[in-house]
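Visitor: As annotated in TrEMBL:
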type: DOMAIN; residues: 3-264; note: domain 'NADH:quinone oxidoreductase/Mrp antiporter transmembrane'
type: DOMAIN; residues: 268-311; note: domain 'NADH dehydrogenase subunit 2 C-terminal'
type: TRANSMEM; residues: 6-23; note: transmembrane segment
type: TRANSMEM; residues: 35-53; note: transmembrane segment
type: TRANSMEM; residues: 131-149; note: transmembrane segment
type: TRANSMEM; residues: 156-174; note: transmembrane segment
type: TRANSMEM; residues: 180-197; note: transmembrane segment
type: TRANSMEM; residues: 217-233; note: transmembrane segment
type: TRANSMEM; residues: 253-272; note: transmembrane segment
Amino acid sequence: GSHWLLVWMGLEINTLAIIPLMIRQQHPRAVEATMKYFITQATASTLLLFASVMNAWTSGEWSLIEMINPTSATLATTALALKIGLAPLHFWLPEVLQGLDLTTGLILSTWQKLAPFAILLQLHPILDPNLLLSFGILSTMVGGWGGLNQTQLRKILAYSSIANLGWMITILHYAPNLTLLNLILYIFMTLTTFLLFKTFNSLKINSISSSATKSPLLSIITLMTLLSLGGLPPLSGFMPKWFILQELTKQGLFIPATIMALMALLSLFFYLRLCYATTLTMNPTPTNMISSWRTKFPNHTLILLISATIS
């Protein structure tokens, strides 16, 4: 949409639509996560509406790309950063994701990011590059440091999401096509990771150690996907990171590029921990069978293989 009111309504419908999915478990943690999500998203929406009204008041325009008031642009950027979970406004994301099941967590990590990014991509010429850079560097730092100490897979994926969003937002002003490329690849890699953990029925690091005996092929796919998510060459997750660092260097932003490259190493460390748990450790098995042939995998394995191939 090009009218601010329609954009705001779309975001609200998007938020309200996922709430029944989040609360369907009827578990105290799911209810708590839903409340946290709703309050955060409502705050972000209020800020966004305030920014658009302020802009309309000063310029007389409700059009999305006619945001000439710098205060409105800053407020809108902050509201969208809160909506997607960029640091330092990321506080809700790990807690909310931890309270949800893997399927709803997948929707929250991928689909729910599309609408705010669609707005950011339309607004990119008028946004403050320094503000975006600050959000981006902080997000890569928080995403790297935050994930180091975690044992819960959903929290690790939340911090991984924060770090990846940081890469996307940093380059938004200079090369929006790279933001889009990174977002598409991030969605495919996250989709694969969530589906793999759902297939293995794993929520903690120590519970994925039995995956190699259950299905050696899927554990190798897990290894490849996690390394791709960490940005290890020659996997596809490395490509957008390389392009982003190249573009930042072209723009003369050497220090941000160096910080982000170093923070990517921290993220890579906790992905390697997951890879080690998935492929190099084995649970003691009660039978003498090499693989648990009784394990029947659900029907989403085909989607999993397609998304794994893309990522």
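Just so you know, glycine gets a Cβ as well, placed from its N, Cα and C.
Relative to the rest of the structure, where do these features sit?
Guide: Sequence-distant contacts of the transmembrane segment (6-23), counting only residues of its own chain at least 6 positions beyond either end whose CB sits under 8 Å from a CB of the stretch, comprise 30-31, 33-34, 37-38, 41-42, 45, 48-49, 52, 64, 83, 100, 104, 107-108, 112, 115-116, 119.
Residues 102-103, 105-106, 109-110, 113-114, 117, 121, 153, 157, 160-161, 164, 167-168, 171, 203, 208, 218, 221-222, 225-226, 228-229, 236-237, 239-241, 243-244, 300, 303-304, 307-308, 310-311 of the same chain, all 6+ positions outside the transmembrane segment (180-197), place their C-beta atoms under 8 angstroms from a C-beta of that stretch.
Distant neighbours of the transmembrane segment (253-272): 133, 136-137, 140-141, 143-145, 147-148, 150, 156, 159-160, 163, 166-167, 170, 226-227, 229-232, 241, 244-245; these residues of the same chain sit at least 6 beyond its ends, with a Cβ under 8 Å from one of its Cβ atoms.
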Visitor: Can you check how the pLDDT averages out over the domain 'NADH dehydrogenase subunit 2 C-terminal' (268-311)?
Guide: 68
